[in-house]
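Each remark here refers to the structure printed beneath this line.
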């Protein structure tokens, strides 16, 4: 009977005052948030419209088709000061991607070396790697960029001393000066496309062979010498085609001009400073991530693989590394994203990346809203694409569970 | 049966020699430096590199460095117009010494320097007890540091009240600006970050979406673009004719940026709290506000103290970016002094950057050590 008494309210919901009804409260909060957000946007929009009207300006992206009128020193696609703003922004985007890609590759390699070095049994190596990590992790990347640009690269020999050096040694083709590193540029002749095609074919063949070798190992337990055959498959066909087609490759050598070197390929000090700084700075963080990843794999795993008869290299490659990667990949992704975002520090040394080019356009045309919107859109998209790729890689590496 | 002879040893074997002592220097070296051939080669290579670079670096930094001097001629070689022997190269510490006050306080009026110095003393006096775990009254201490100190510093540094001379923010500079920006960024980002993190975990779709969009948008772009946004767009978005202070704009930019990052750190802590804690708080009949302030946040924040300190370190380094929107923080003012005609020498930039790097390093390194210390302490409380 007592049980029935406590259940009397089960028919209709308990009466709660409106003030304490969770659903009502939630609704009120949401409406309030929405009102505040809409008001902020409206306020900013309204003021911006008024401010723009006072400055006799209109908003819109039409200006992107007008003439840029400024030069860009480092451009990988055809660009002159007569090109459009749009083209200038494309140059900037490509430069950003180039320095970010180069930085990511170098930072990963250096970080891997330093990170494993810190775990080395060799006392001296471990200490040196620790010192490296502790120095670079605790200094602003911008300062490292200035250090390379103003402190180191500016002290390299001047163009004039390169000219003097050339008089003494006319055969020299590779120069390091304070205006950059000069080297011969490859000029691809007719028929070089065939060499590239042969290379692509070799890569496809190598992948196919690896798949076949894996299947064979599973079936018979014997593994063909994959590494050697793959190397041959990738290198030999393009080499053969290259020789057969009459070596369609020549070099354009840098020669002294009136004030500067002409011809050849030049890597500017702006790019070098940014690239070195980004790589070395990010490498110190990647080193810590790698170290944490390797230490996160229990020692029993290595011992077990030795007990199964694997050699140390096999144990590392087949047992430790796949497990360490699972720990490493998520933080590594955020380091890659940081590097991409830090590449915007290019503006401090005048490397024409997206932010530097955009800044110039912003100063020239005063289109601040549009430029900043473009920046945000592009950086958010790059970040998204990188995250998606790394998430895919992470999912591929993840533990396969039932 | 009887034929089988059982082997019985009738003599003791001579004892084996004790294992070679490993505690000697040679034993240590064999284990730690020359364990294998490749190891030995690496050691020798590294030692050779050290022997080559370390003396050169010490020589450049200390031995042949110039410690005193009134202007650039002290740090120039004979052929460059100074008195040092040809081919000399070394650090020019005389320049850092001459510009030291500027590097610390910028162009702050020299007869008013007691004001920033007082703020520094107050800051240290409030920060040190907060960092030492044993000192009681953490709440009051934090309140003084995060609420009272900013108000006092604002009055003291800017002036204009109580007969203090007004000092424009354009005169501020150096390490002072670096510290102010990072401190304000931290003080603003903690509460805003907590709100954003709670909002992102809330069940209200509009609040949740707004927080996610804000956090991901800000985290997806570089700090420079946020700073540009604050310095260029902010005046555009406010009522026409406003004249918002440039320093304030940088502060807003850095605070927005730091808040988004802090929100993600704190969200990590919130996610680490077991569901039972939320349910227990609900079962006790606590409302949302009480549940968060008394049950969830104290645990979550304690969990992410290392993460928060790491965000601080990142922010402290990132403040150097205000150099790009032409403000003079430590790095900005050091860089600006390279063009100072009184001290133009080939070694000035390197010396100045090494000095600035050292100052940044001291701050960041001590913060990271403190974070490691807290982490160890937290670990200890977990293992009973």
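For all residues, glycine too, the Cβ spot is worked out from N, Cα and C.
All TrEMBL annotations are machine predictions without curation.
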Residues flagged as transmembrane segment in TrEMBL, choosing from B:40-62, B:63-85:
B:40-62
Which is it, of B:18-38, B:144-164, that TrEMBL names as transmembrane segment?
B:144-164
Look up transmembrane segment in TrEMBL and report which of B:93-112, B:113-132 it refers to.
B:113-132
Residues of the parent chain within Cβ reach of the transmembrane segment (B:170-198), under 8 Å, 6 or more residues beyond its termini:
102-109, 116, 123, 146, 150, 153, 157, 211, 214-215, 246-247, 250-251, 254-255, 257-267, 270, 292, 297, 308, 311-312, 315-316, 319-320, 322, 327-333, 359
Near the transmembrane segment (B:144-164), which same-chain residues lie under 8 Å Cβ to Cβ, leaving out any that are not at least 6 residues past its ends?
112, 115-116, 118-119, 122-123, 126-127, 130, 172, 180, 183-184, 187, 190
